[in-house]
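In what follows, a structure is listed as structure tokens, so that the remarks can point back to it.
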Amino acid sequence: MKIAFIGHGYVGLVTAAVFADLGNSVWVVGRTKSKIDNLKKGIMPFFEPGLEEMVKRNTLSGRLKFTLNYQEAVSESKVIFICVGTPSKQNGEADLSAVFKSSEEIGRNLKNYALIVTKSTVPVGTNRQVAKVIKKIVAGKVPFDIASCPEFLREGSAISDTLNPDRIVIGFDSIKAKTILLDLHKPIDGERINTTIESAEMIKYASNALLANKISFANAMSFICDAVGADVEDVLNGVGLDKRLGRMFLYAGVGFGGSCFPKDVKALIAIAKSKKYDFDLLKAVNLINDDARKRFVEKVDRTLSGVKGKTLAVWGLAFKPNTDDMREAPSIDIIRLLQAKGAKIKAFDPVAVDNAAKVITDVTFTGSPAEAAAGAHAVLLLTEWNEFKQLDLREIKKVMKTPYLFDGRNIYDPAQVKSMGFVYKGVGRE
Ligand code: UDX
């Protein structure tokens, strides 16, 4: 099938590459010349495991093409996916300007019937507005349908998430739209949820908000476990084995970040407010998320009897492992709070240093965990990259000034680390 993707962020580029790999003929439309030129050369705009290889392979075969020109992509595509960003506005609402701008461009370049599908996370009613924008431009001359097909991929595992989704949500109001989308997704397994456009739009917000709830619940439990001397990992293991609850996304840490949860939780609060519902539960999710960062900093400060003038090694900067994405990364707030208290920061991240250097200042970036730890009063683990899990901590201890280890993701066994002579503080366990 001939398809086009507007936008080459995580959703647009990954989904385009996967659909090209499945044999479709795929256009990706962008608006920044340097990025499109790079993509044509196989240079990715971000790090995502397996993506570069998949993009290169499909570009070479001619199935995946990049352009700045809507006309060549839109005029020959049967399905056009809108995958542009919907960042938070100051008041928490989703900024839909990129969605509407691309809708206008689609409308202007539509020559034959096409199905226009929104993959961007958008508030209920947006797809209908997209239809209105396009309808006004095509003025009845070209038939089209709209549909909502929200994306649930996670950074770091985006390709396998796209190929093996738990579900494919299809929101439609015409049988033709439903048939085309079911046909396009045929090679991909996963439950199909066929529903209305409005419900499809809401499923995405509800899913992200509930996942964020689980994380904030785990973090709140870690605060209490710290206070009463319980081990939050044992507690959440005990909770998670209940099949009704599950252990996934119930890991305490320094809080959630990234391009989705913080933005989508705020947007759902704003959507609720616009309908006169005060979503207190979600407001608390955000407060706990901020608190997780602050409490971690306080714990470091308290344990070290003040961080002023001390050198702290930060391991992991990205908002999660296997990505170089620094958007809303807990490391940003944590480093700034520690710097405000007078700490000096040395940091290491396997891939996010370049992006981190754009958002945090006065940090010494190093080339390895040991280099960051050299001469430090404490190590603070903020992102659970695999390479930190099996490090020889005895060797690390030798190069440190004082042996304090603050495990912001609970990846180490406290007893084992303590037996090496470290003072160990996890999140909700010691
Ligand atoms: C999320 C959703 O999972 C995905 O379905 C949606 O399409 C986009 O948003 P992503 O932001 O890529 O994906 O990462 P995810 O793995 O969900 O993690 C988000 C944040 O939550 C990270 O900062 C992570 O460290 C944190 N997290 C996750 C926890 O603190 N504890 C957990 O148990 C799980």
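The backbone N, Cα and C atoms fix where each Cβ goes, glycine too.
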Identity of the substrate-site residue among K101, K111, K204 (reference: F152, L153, R154, E155, F249, L250, Y251, A252, G253, G257, K320, source: TrEMBL): K204
Mean of pLDDT values spanning the domain 'UDP-glucose/GDP-mannose dehydrogenase C-terminal' (313-414): 98
CB within-chain contacts under 8 A for T86 (NAD(+) binding site), separation at least 6: A94, D95, L96, A98, V99, S120, T121, V122, K263, A267
Residue among the recorded positions L250, A252, C260 whose Cβ has the most other Cβ atoms within 10 Å: A252
Greatest inter-residue Cα distance in Å for the NAD(+)-binding set K35, T86, T121, E155, K263, R327: 24
